[in-house]
Amino acid sequence: MAAQSFLSESVLGWSIFSIVLLAILAFCWIYIRKFQSRQESEVISTITAICALAIALITSALLPVDIFLVSFMKHPNGTYKEWAANNETREQIENTVLHGYYTLYSIILFCVFLWIPFVYFYYEEQDDDNMNKCSQVKNALKYTVGFAIVCVVLLLIGAFVPLEAPPSQNSTQWEKVQYLFEELGSSHGLPALAFSISSLTLIGMLAVITYTAYGMSVMPLNLIKGTRSVMYERLENTEDIDDVEHQIERLKSKCQDGRPLSSRDRHNLQELESKLQVLQRRGRHLEIAERNCCTKVGSALRPFKILLGIVFILVALLFIVALFISNLDKALHSAGISSGFIIFGTNLTNPLNELLLVLQPVFPLDYILITVITMYFVFTSMAGIRNMGIWFFWIRLYKIRPKRTRPQALLFLCMILLLIVLHTSYMIYSLAPQYVMYGSQKYLVQIPSGNTTTDTTRTCDADAPEDQCTMTRTYLFLHKFWFFSTIYYFGNWAFIVAFLIGLVVSCCRGKKSVIEGEVEADDSDISDDEYVH
């Protein structure tokens, strides 16, 4: 009976994960096909982008599964289910999740340091028409070696970073070396992978501060404000075209008697002609947008968009409040920098953590909410990248545009999302620390009452007996190196500041154009060439 119950619970958890997996693959194919350029589409880069994006989303979907499995080991009254009564069985289940994490993280390392750089440089070499396929592969491999060396260095550092106290100073050099190799062998090299992933997570933290924080503010406000009227934009654009044409005619009239134009007039004429080309392109795009049925459907769904935008901004504010309270709790009740600001449980009332605990009795509302939170971070990150484009400091590298995004830009997009997903788990832990640690587990406590004792149920926390509550493998993985936790803590404060700045900027901006991003005067890459169907 216990074996059948264990099988049914496991099948339920992994069946849900399989359904989510199929949905993720379908979404990735649609998303990449929507944004990729029809002029420059490449099979290798398309497949790579779809797979990388799918891996990012699958990794983020594993966190709810981890919480689901540890929670389902117990009954609501705090006792273990028959199939989970054995400690070895519980360890086996959680190790399955841990191996899932390590497998996906290994694939992420492979994508970030080998596969995506190789495909990127391979496609860059195609710009040279005189180069054959063999030379393209050689040059791409040559550039990829640099990324591989960085990966190897991170793995070696992680492999020999001691997680326990090293031998005393009186030990011989051989004993110290022997200790390092014993550490590596006893852990099967897992700290090496954890250190490499944590290093990438630092880069992901920067991407979260830049793109996710901005996306959380700009996406809801864009839904609330909507877009400008197509008819008004066409009328305004026509007036601008007439005005520019009039200025061009006035300049050209100066040389009708055969006199050449001055250098200043020639410069102004070139600028006006370029501006006229942009305005004419805008006119054609606006004409297509006005005839497009999607524009008409979007206008009909305007009330729904406003409601959705209000919900999203309220969710964003809830996240910021929860993150602020969590960071304040760590600042007040942790041991400080030397411990990575780690605390066990919560000392201040965290609204999101409390909401998840309240939803526990109504299965599966808490798991649905934690899944929605995970996906919310991913989609707001996509919105941030879509609105900002891909930058290297102050230099804009690529723009993300429907049907017009270069293959290199898609590869950059997917690499950034891979890095963001790595940091998402820590962000969610910061939002609901107690729930991410133990899920909805409860345990029994015997309270003396006269000559007898009564059993009462309590929610699992750091004070619970070790054999009564099982920690998620996500939590154990996040806190393997204290110094990374310290950096993540300060990153959370930077995220809050970046969100508030993005919120102010988004509020000050007016409505977007209905063809926002399709035609711009400062186009600087091939993906901005006109492509109108």
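From the backbone N, Cα and C atoms, a Cβ is placed for every residue, glycine too.
Annotation comment: TrEMBL describes 234-289 as coiled coil. Annotated transmembrane segment per TrEMBL: 12-32, 44-63, 102-123, 143-163, 192-214, 306-325, 367-397, 409-429, 481-505, in sequence order.
Counted over residue pairs 6 or more apart, the CB atoms of the transmembrane segment (44-63) and the transmembrane segment (409-429) come under 8 Å in at least three pairs, which marks the two as touching.
Counted as Cβ pairs under 8 Å, contacts with the transmembrane segment (481-505) are highest for 192-214 among 12-32, 192-214, 306-325. Here the coiled coil (234-289) has a mean pLDDT of 80 out of 100.
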